[in-house]
């Protein structure tokens, strides 16, 4: 009976995971195809982008399975179920999840340090005539070797870096932290992989602060504001065309008598002709948008978009408040910087943590909520990337536009989203620390029986798992142990959360000050060529 119960609940958890896997693959295919340039599309880069994004999302989908398994080992009263009463059985179940993380994180390392760089440089080295493929492969491998060297260096550092905390921290809580770090065993393989993934998560944290924080403000406010009227834009564009044509005729009239134009006038004429070309191309796009049925449907759905925007901004504020409370809790109740600001359970009421704990017993509601949170982070990150473009410090590398994104930009896009989703696992821990650590597990505590005549009798009461629970009564998720193997990364993530809150508030102010965007936002740029219009006409 116990074995049958174990099999049923394991199959249920992994079946939901399989369904989510199929949904993720479909989502990634649609997502990449939406932004892919039709003229410069590459089969290799498209497959690479879809697979990289899918792997990142699948990794994040493993977190609810981990939480589900540790939670369903116990009954709501805090006692272990028959099939989970044995420590060896519980270890085997959690090891299955751990091997899943091993596999997916190893694939992520291959994607980041080998697969994506090779495909990127292979496309960069492509000749115009596309004849010398051997030279392309050779040059791409030459540049990729640098990424492989970095990966090997991270693995070596992770394998031999000391995990012991700095001297002077001897509190009971820190001893608990040390025990958890040692729980995964003394093998050098896990620390090496964990250090490499944590390094990538650190880069993902910077991307989250840059793109996701801004996207969380710009996406809902764009839905609330809506777009400008296409008829008004066409009228305004026609007036601009007339004005530019008048200026061009005025400049050309200066040379009607045979006198050449000055260099200043020639430069002005060239700029005006370029501007006129962009305005005419913009006029063609506005004409198509006015006839497009999607524009009319979008206008009809305007009230729904406003409600959706309000919902998204409330969700963003909920995340920000939950993150602030979590960080404040760490600042007040953790052992400090040298412990990575790690705490067990929650000392301050966290709304998102309480919501997840309430939903967790009714599986798969918490699974759905975690998936929605992950997708929300991806969508807001994409909104931030699309509005800002891909930058390297002050240099703008690529623009992300529907049906016009180059293959190299798609690879950059998926690399950034992959790193963002990696950091999402830690963000979810920051938003709901107790849920990510223990799920809905409870443990039994013996309390004195109430009443004056009770004598020395005691009763068993259940409590939610926290730092005070006996070591054999609460099982910590593998994802938590994996992400918190190195205390100094947790310290950096803690300060990164404060930077995220500040970036979100700044982005909110900037988004509020900006006006409505054009109905053809991102479709027409000065550096586009005339033939690029074909991607929208056909």
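Residue 1 is the first one shown; counting continues down the chain.
Cβ coordinates are placed from backbone N, Cα and C, and glycine is handled just like the others.
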Quick check on the annotations: TrEMBL lists transmembrane segment for one of 409-429, 430-450, 451-471, 514-534. Which range is it?
409-429
Candidate ranges 44-73, 224-253 [criterion: TrEMBL lists as transmembrane segment]:
44-73
Can you dig out which of the ranges 74-96, 143-165 TrEMBL describes as transmembrane segment?
143-165
Look over the recorded stretches 12-32, 102-123, 367-397 and say which has the most C-beta pairs under 8 A to the transmembrane segment (192-214).
367-397
Return the average pLDDT for the coiled coil (234-289) as a whole number.
81
